[in-house]
Amino acid sequence: MTTDTTGRTGNPAAAASPERFRYGFLKGNPQLTKNGELKHLLSIEGLPRSIVNHILDTAEQFVSVTDREVKKVPLLRGKSVFNLFFENSTRTRTTFEIAATRLSADVLNLNINASSTSKGESLLDTINNLSAMHADLFVVRHASSGAPYLIAEHCAPHVHVINAGDGRHAHPTQGLLDMYTIRHYKRDFTKLRVAIVGDILHSRVARSDIHALTTLGVPEVRAIGPRTLLPGGLEQMGVKVFHNLDEGLKGVDVIIMLRLQNERMSGALLPSAQEYFKTWGLTPERLALAAPDAIVMHPGPMNRGVEIDSQVADGPQSVILNQVTFGIAVRMAVMGIVAGNND
């Protein structure tokens, strides 16, 4: 038995088989206070629809802030936000930093490679030391599923935690910004058919999107991909599974494309990228199978010529760059809700 960076023995992701959709460390709902208010954002799973809608409604208000000449509000003035990214990130880290700055927070980006964790310090010891510096909010991305839960469980009572992606488990702010994007273009969730396409097995975004879509009442969620890249447990959540892209895309209103997460694959699950594109790539011809006003989304990073054709990515039905723009407002909303009150 080994000791990992969290300070615990064993594998931090061992609570769940990678083939299953749900994770075993979700006990109760540690992200809510006794009064049902949001203290941490760790997962969309288990969040009441009212809280999800409250976040989306609050984000709507912050969209106008991003369009102003002075793009700041004083909601987190005097608060310290620590961005702790133990995995690489461009969009998520940058938009969290922009969001915190626009809320007037003091922002610190921890250089993980130069931190004491690279010298063997456990994750919890790192968190305890940063808490002693009077941190108010930790934004955490970690390769181990459940790491943000561990931090939320052991951090000081006044500290809030936002999960910016943990292993294969969850990426709740991406899920929320995806829901905001869908609501912006489609308005009524209860009349939609949404397809998620690609490497769903390794995708924390897919898990968060599926939980969010079902919470918001989407009547038909489709998971489309090779058998080797689809987790078990999807049908039990009411998700329709397709192993043929053309069949799965027929009549859908929203298409969410996912990249191949080769860094999380332990074996040869697929042929070459070229062969993958022939079978699973979203081309203009395949997009034509969807509803005429369907929108195309992608959480990024995007691999052109692998899961999506450039004509689609840059075409009139693509809202991919708008997702990034909306992500700032959504992350402002999340940080404002969890840490904006006087603790």
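Glycine is no exception: its Cβ is also placed from the backbone N, Cα and C atoms.
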Recorded carbamoyl phosphate site member, picked from Arg49, Arg68, Arg141, that accompanies Arg91, Thr92, His171, Gln174, Gly300, Pro301 in Swiss-Prot: Arg141
Fewest other Cβ within 10 angstroms of its own Cβ, chosen from the binding-site residues Gly300, Pro301: Pro301
Cβ-based neighbourhood (8 Å from the centroid) of the carbamoyl phosphate site, residues Arg91, Thr92, Arg141, His171, Gln174, Gly300, Pro301 excluded: Ser89, Thr90, Ala164, Gly165, Val205, Pro299
Site of maximum Cβ density within 10 Å, from binding-site residues His171, Arg259: His171
Lowest local Cβ density among Arg91, Arg141, Arg204, which the record lists as binding-site residues, within 10 Å: Arg91
